[in-house]
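Below: the structure, in structure tokens.
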Amino acid sequence: MNIMITLFINMSLASLLVLIAFWLPQLNTYTEKSSPYECGFDPMGSARLPFSMKFFLVAITFLLFDLEIALLLPLPWATQANTMTPMLTTALVLILLLALGLAYEWLQKGLEWNE
């Protein structure tokens, strides 16, 4: 019963915060707000340069493998449990999934910098 009350309170607060976030912003846009700010000077050229998709893909790949490290960090503490089978199974499935993702990324030439 306590868990149901906790879930209800969490969902209510989350919904309330989402509603407040949609209600509060003022969408007044004008040229000063939408122009880039460069230390008080007018920009010499276009301040909105196109972003290379390669950098974006490398950043996303880095974040995925960084998440792997974050998920595997609790493993030393999990080894102190009486039954290690669920922990080892989960860890091996996670590592296998990420290794398959890395192999797929490699085969699709997503890790090569030259085009």
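Backbone N, Cα and C atoms are what each Cβ position is placed from, and that goes for glycine too.
The feature transmembrane segment is assigned by Swiss-Prot to 3-23 (among others), with sequence analysis given as support. If you look at the transmembrane segment (3-23), there are no same-chain residues 6 or more away from its ends with a CB under 8 A from one of its CBs.
With a cut-off of 8 Å between Cβ atoms, the residues of this chain six or more beyond the transmembrane segment (55-75) that come close are 87, 91, 94-95, 98, 101-102, 105, 110-111. The transmembrane segment annotation in Swiss-Prot covers 55-75 (among others) and rests on sequence analysis.
Sequence-distant neighbours of the transmembrane segment (87-107) (same chain, 6+ residues past either end, Cβ-Cβ under 8 Å): 61, 64-65, 68, 71-72, 75, 78-79, 81. Annotation comment: Swiss-Prot describes 87-107 (among others) as transmembrane segment.
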